[in-house]
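What follows is a structure written as structure tokens; I'll ask about it next.
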Amino acid sequence: MSLRPLSLALLLLAPALLRAADPTLHEALVAVRADKAGDPAVARVLQGLASAHGTPLYVYDQAHIRGQVASLKAAFAPRFPKLRVLYALKANTNPSIIGLLKGEGLGAEVVSLGEIEWALRTGYKGSEIMFTSSSKNPAELRRAIALGAVLNVDSLDELGQVRDEARRQKKQARISFRVNPGVDPHTIHQINTGITESKFGLHLQDGIALRAYEQAKAMPEIRIEGLHCHIGSQITETEGYTLTAKKMLAFVKELKDKLGLRLAFVDLGGGLGIPYKDGQAVMSPEDLARALEPIWKEGVAAAGYEPTLWLEPGRFFVGGSGFVLVRVNTVKQTPVKTFVNVDAGFNTLMRPILYQAYHRVRVLGKSADPVTVDIAGDVCETGDILAEARTLPRAAAGDLLAILDAGAYGFSMASEYNSRPMPAELLVDGNRVRVIRRRGGFGDIFRNTGK
Ligand SMILES: *Cc1c(COP(=O)(O)O)cnc(C)c1O
């Protein structure tokens, strides 16, 4: 481990900051989510964190993560007795977060050699790792095969490379194929992005995936274990999953009937969405499990055997747990807008500029005098707006804001662009807080340059 003990030190809030009736840190975070950030006691508690650790600051609520895992298990375990849940590490790659999810019994779904190394460092065995990527390099193939991870193969070209490397290592490579089911998870409401055109997976269409299994079956260096798909991210309705599950299970039957193959697992991917707006209704795990149950039962009855159902969410577990605390530098009125300029930008949280994503923003300790503002980042780019046209209590220089739902694809996408060091990350457990990544410094920015 490259992390030194200091970064894992248990840190109690200075008692002088707290009053007897103050909420715990966890309660303060829950209150911020519930739009009660104006409460002076809530603000006081989070001001304490920001003063002690600086801003911008990532704060994760452990109870939220555990609650998400529990709700997924409660929905799926009773309906799918053969179930395995993995955590997609790329959503949040902090080792303490990975460790927390490992502790909940989840496997590791990784997309790179770096994520393989994180999984190993947090105690995963190679055999517990599923490696998905549409473009794996030779070093990644070598390491994954040596470790006995499941390689989720994305092309016939890759299959040949896996066979050759397994032969060199005198090992059998464990594989599944990622298939492209040709389903748009957003068919109902959103712009059709045409997943059939996506770069991922072998198409079920035209028998392409079937021929891949046929070829793999003839290779002694290959052990076929499963079938995989992942149709997208931030999916808020069940339809995409149910359409996909039908196609996948029909293919399971086809593999058995035509090739005599029995799979150990069928992985329906991740992608479970979370609400990013107040009052937004999204599919719950219960909704999804209930919708999938009859399709699964019918599909396995038709196939004549039951593979293990694998799921591999990322965002669903960690997204809502994360907050970015940012400080207001200045407020500026232009002829057309009011900008609240904060000390974080798309270097800290990329989702708004990358996906036009909406993140709720709360002004801590203020509830009066609503104004419509843009929350502007400190990166020198016009597009660096973290939140647009929000009506919020009037904020002033020095105020603290909380940006919500930043636990997934937040820090893991952050950068040092504009030569700003990486923020710190904290993990809140009740009223205790652990530094799970120290704030970066200029030494980090200058590293490896010889300067
Ligand atoms: C990113 C990814 C996931 C997780 O996606 P979420 O939307 O965070 O649940 C799962 N599987 C694969 C293959 C991925 O690339």
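Cβ from N, Cα, C; glycine included.
Straight out of TrEMBL:
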type	residues	note
ACT_SITE	C380	active site, proton donor
BINDING	G271, E312, P313, G314, R315, Y409	pyridoxal 5'-phosphate binding site
BINDING	R315, R351, Y355, E381, Y409	substrate binding site
MOD_RES	K90	N6-(pyridoxal phosphate)lysine
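What's the neighbourhood like for each of these?
In sequence order, N418 constitute the residues six or more apart from C380 (active site, proton donor) in its chain with CB-CB distances below 8 Å. Taken residue by residue with DSSP, C380 (active site, proton donor) is part of neither helix nor strand, so it is coil.
All protein chains included, P313 (pyridoxal 5'-phosphate binding site) registers 27 other Cβ atoms within 10 Å of its own Cβ.
Long-range C-beta contacts of R351 (substrate binding site), restricted to its own chain and to partners at least six residues apart, with a cutoff below 8 Å, comprise A357, H359, A406, Y409, G410, M413.
All chains included, 20 other C-beta atoms sit within 10 angstroms of the C-beta of K90 (N6-(pyridoxal phosphate)lysine).
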According to DSSP, collapsed to three classes, what secondary structure does K90 (N6-(pyridoxal phosphate)lysine) have?
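Helix, per DSSP.
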Counting all other Cβ atoms within 10 Å across every protein chain shown, which of the binding-site residues Y355, Y409 scores highest?
Y409
Just jot down the residues in the same chain as E381 (substrate binding site), at least 6 apart in sequence, with C-beta under 8 A of its C-beta; none if empty.
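Sequence-distant Cβ neighbours: G345, F346, I353.
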Roughly how many angstrom lie between the C-alpha atoms of G271 (pyridoxal 5'-phosphate binding site) and K90 (N6-(pyridoxal phosphate)lysine)?
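Their Cα atoms are separated by 12 Å.
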Out of P313, G314, R315, give those binding-site residues positioned within 10 angstroms of Y355 (substrate binding site), comparing C-alpha atoms, in sequence order.
none
